[in-house]
């Protein structure tokens, strides 16, 4: 049966089918979505909760732990981490890749509701969640700058208008606002004035709260009309708060303005942002897991003109960082690479055939096969991304192989005197099974990849299916369109005059001599084959192993870490200086960042965009090294930089790319052993930028209250905590309701009174006991002896008063200072003060305390070496069993992938063997074909070593592809030899010799086509080239080495196995 005959006999129908495939492919190409990579986002949900003023320990135990217990009951969670800092906690949950994120979000909301009864009553609202991974790099950063608007106005525009609108944009998962805070009315008190008038801070807070209310008032009716009741109960501006009466005693009236200043500013003073050296507020946009990054960014950009028109005209919006710029450039570069590959494989056919008519057939068939593949990709819901386009680039070598095998065989028949149509019929029938075998066995290689789970399996599923579709499309076209085109386009000028089976070229004569010499020395080739097998094992052990190649995306993300006890103002100065230094780097295009937000005061975020590749003179790693050197002279602060990658694994934010996490039942165990682990890591020369998220070395001004004394004075701890919070917590004491947002009234001591812990001694707390009073000439009551003595002591350490405040030598409360007849007691009369060490953040993994050590690799170091050395170093410490140390994020997935690599290769070999066994109905011939593979492995591994390239997942895929590519040489030889033995009754040695000689030209052509098809991947230099190079290097190295070796080993092994098979059959007959 000849499958090609109906298509050769009906050229018009076949041509129309080909045109239909091409048109549909072009349309599909236009409609396919664009993305950097296939969708591999782990479903991730980030939960945030705030407890204003609470220290990290309180937040961790009272907020994070109850939530974690509820979240731990949700099915499908693969990792749960939390970070609790001053007044806030952030819990990140990653789910199994197959978990629907909307279903997971419903479960998370239900868990939040269930945990609410166990959360503190003064929690600032319910915990909220976003479907976003905080460890992902942002897709877009927008800066708001102005020459006249205040920081509060910038932040208000960002959070009230822009953030809300952007969150409604399809694909946006979260928008964080950094570098500022909402506008607020700030009441900044002078403690000397407060104590002079004998008023407690709680009394001031109550007065403010009672004077600014917004409660329902009802309605009245008169004469058939209804009237809603309104009142001027809301206060909006600082001028409204200054005359508020805090206390009245006859003609003795104390206003807010008597106690300090009232001004318009922001809720939290400890926030600061920069954009290219100018004060700014930043909008940091993250995409939702599963959303298309390019579509999302396009949607946001389309909305920006309308959003800018809705805010103050003095505020300017600028895009500080756009993740899609390099993604688009990378995809364009891959498309160009694909076009170059098509051109190169076409040139290969011309170089061998030396005939434009013959070259025309593959030149039509290759683009047609690729266009047909685009149609299949569209039906399957795939995208145009780096991996799918890389698959099509590699496929050009496979696609042209089928066409070359068919065209070359038809040409051979024409050179022997047959007419074009007859040659097409005979040639297509003769190699039909060969093309089928090559294609189906090549697709079988991808079966293990298709069945893989986890992030690697999800990544390469689209790659494998796209490549398989291209191969099968090529097979169909090679058996239908190619013979038809050959019957029309090919001409033989010397028909009937060439009876040679193969060209009489120098290469053929040389190969004939060396082949005969090798066949006569089978033992030598056996030793060579054994040596190649051993070399595969040795080289696999020796070659450095990596995860995914490090890409230069033109974006750097950084984290500044300073001393844990640093003040905000000192941190701001270091932040400014580091920004200035980075901006001066000639390879840097823009720099932005901010202090504050959800970060501790000693931490700042930085986002750096590099100039385009064609403009700058250094790659991303070299720029990082340059910046690291220039920042060496800034004491007390360290900038940790890493190149933003398109693949993010894990949900924990860190200052470096790789993480090693330690968990324990008790935080004290971690406090003891983590420093020792970090010290061991510092001894490893291949690691750099080593840092941890253990923030337990900050300073705390500890108030040690004598409970007996406090009880005698009638003071409880609630009053003490409230007084301290009122004084130093930037406490939000009232809310101002506006149409678009709610703003706060913030009360605290003026900032100049926070600068020294001794200010704590000047704080007065209301007691529960009435004071003893004695009327003086002025009618005021005398405070208790304890109060006076303590006040004198407090006055000696009191900070200077606000400008314009009355100077006092002893802050003594007056009679009017008594609240409900209760005396004010200085905190120093019942407490002593000390400086202690405290934590500024507490981390959990699951529900256990955890500390993560992060690190980057030095140039040319591999993650395989790093994980091995870290494991060995940690093992030397002999930590107790209560502490569990394991790699997290990228390093963890790398270890899992390395463990599965040998299994993946074996599975690919078994898949190919089973398919070949089914096709040949023989157990020996598949072994002959598979014998070609070890040489390809050696070539690939040697090429990686020579080019100093790691055996990454991408390179491993190249090795797996070689399993499919290299065996085609053996298939072409063995198919022909079997046919010769069966149809011409030749001896095995003569049959395999004729097969080698006759198939020499198509073998060389297909191999050269595959090599040149992969060549653009190796020599590309655009964005994403680092991602593609390992694939090209492993394929080219494997093909070059195996091509030389398999031309000789395959016939020898074929004869060995044939003799063994014949002996086995004889024994069976004799038995």
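Cβ atoms are placed via backbone N, Cα and C, with glycine included.
A quick note: this is a predicted structure, and the numbers were derived from the prediction, not measured.
Checked against TrEMBL, the range among 313-333, 397-417, 502-522, 523-543 recorded as transmembrane segment is 523-543. From the options 256-278, 279-301, 463-485, the stretch TrEMBL describes as transmembrane segment is 463-485. Outside the transmembrane segment (902-920) by six or more residues, the chain places 433, 436-437, 440-441, 444-445, 447-449, 452, 926-927, 929-930, 933, 956, 959-960, 963-964, 967 with a CB less than 8 A from a CB of the stretch. Sequence-distant residue pairs (6 or more apart) of the transmembrane segment (336-353) and the transmembrane segment (998-1019) include at least 3 whose Cβ atoms are under 8 Å, placing the two stretches in contact.
The stretch with the most CB contacts under 8 Å to the transmembrane segment (431-451), chosen from 360-381, 463-485, 523-543, 953-978, is 953-978. Under the criterion of 3 or more C-beta pairs below 8 Å, with sequence separation of 6 or more, the transmembrane segment (12-32) and the transmembrane segment (463-485) qualify as touching.
Beyond the transmembrane segment (463-485), the same-chain residues lying 6 or more positions past its ends with a Cβ under 8 Å from any Cβ of the stretch are 3-4, 7-8, 11, 14-15, 17-18, 21, 38, 360-361, 364-365, 368-370, 372-373, 376-377, 380, 382, 387-388, 390-392, 394-395, 398-399, 401-403, 405-407, 410, 424-425, 427-428, 432, 435-436, 439-440, 442-443, 446, 449-450, 957.
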